[in-house]
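Asker: Structure in structure tokens, see below.
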Amino acid sequence: MTGRILLLNGPNLNMLGLREPEIYGHATLDDVVELVRARAEHHGLEVDAVQSNHEGDLIDALHRARGTHLGCVLNPGGLTHTSVSLLDAVKASELPTVEVHISNPHARESFRHHSYISPVAAAVIAGAGVDGYGFAVDILANNHLQRTASQ
């Protein structure tokens, strides 16, 4: 299989390994990108990784990926709970998107329980630590194989 996936990480995820390690663990963003690239390579896929603390940058990355990528692994960070614009960009991209959260938002403060992204996500992985990113790649690869086999 060949193709590209977009790895998109939102606000504060550049601080992984430093910010609240008791919640998010000690893995860094570089560790996450390496994990995703290794898992994607196993499936014959390439990865374009983007992290931004700015909502518009994430939206632009989704727009650019439309028609060129087979899916998106998205950890929207705090934008999960606030961003209708990011929701609209996920929809406009027409990419199968797996929403990933390192911690389980439902086991945390009540304001974290709502996700604007989940209703349009192909899958949601929460509470699996950084391993959730690898699971997301597996889901996108398997879904792509199923779609191409049925065409």
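Backbone N, Cα and C atoms are what each Cβ position is placed from, and that goes for glycine too.
Straight out of Swiss-Prot:
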| type | residues | note |
| --- | --- | --- |
| ACT_SITE | Y24 | active site, proton acceptor |
| ACT_SITE | H101 | active site, proton donor |
| BINDING | N75, H81, D88, I102, S103, R112 | substrate binding site |
| SITE | R19 | site 'Transition state stabilizer' |
Asker: At 10 angstroms around each C-beta, which of the binding-site residues D88, S103 has the fewest other C-beta atoms nearby?
Answerer: D88
Asker: To the nearest Å, how far is the Cα of I102 (substrate binding site) from the Cα of the residue listed as 'active site, proton acceptor'?
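Answerer: Approximately 6 Å lies between the Cα of I102 (substrate binding site) and that of the residue listed as 'active site, proton acceptor'.
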Asker: Just give me the nearest neighbour of D88 (substrate binding site) among the recorded positions R19, Y24, H101, Cα to Cα.
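Answerer: Out of the listed candidates, the nearest Cα belongs to H101.
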Asker: At a 10 Å cut-off from the C-beta of I102 (substrate binding site), count the other C-beta atoms across all protein chains.
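Answerer: I102 (substrate binding site) is surrounded by 23 other Cβ atoms within 10 Å.
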Asker: When you put N75 (substrate binding site) at the centre and draw a 10 Å sphere around its Cα, which of the recorded positions R19, Y24, H101 have their Cα inside it?
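Answerer: Passing the 10 Å Cα cut: H101.
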Asker: Counting across all protein chains shown, how many other Cβ atoms sit within 10 Å of the Cβ of the residue listed as 'active site, proton donor'?
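Answerer: The Cβ of the residue listed as 'active site, proton donor' has 23 Cβ neighbours within 10 Å.
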Asker: I need the CA-to-CA distance for R19 (site 'Transition state stabilizer') versus S103 (substrate binding site), whole Å please.
Answerer: 13
Asker: Run through the Cβ atoms and count how many others sit within 10 Å of the one on the residue listed as 'active site, proton acceptor'.
Answerer: 19
Asker: List nothing but the one residue from R19, H81 whose Cβ has the fewest other Cβ atoms within 10 Å; the candidates are the recorded positions.
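Answerer: Taking R19, H81 as the recorded positions, the minimal 10 Å Cβ count falls on R19.
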Asker: Just give me the nearest neighbour of Y24 (active site, proton acceptor) among the recorded positions H81, H101, S103, Cα to Cα.
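Answerer: When the Cα distances are compared, S103 comes out closest.
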Asker: In three-state terms from DSSP, label I102 (substrate binding site) for me.
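Answerer: Its secondary structure by DSSP: coil.
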Asker: Could you tell me which three-state DSSP class the residue listed as 'active site, proton acceptor' falls into?
Answerer: helix
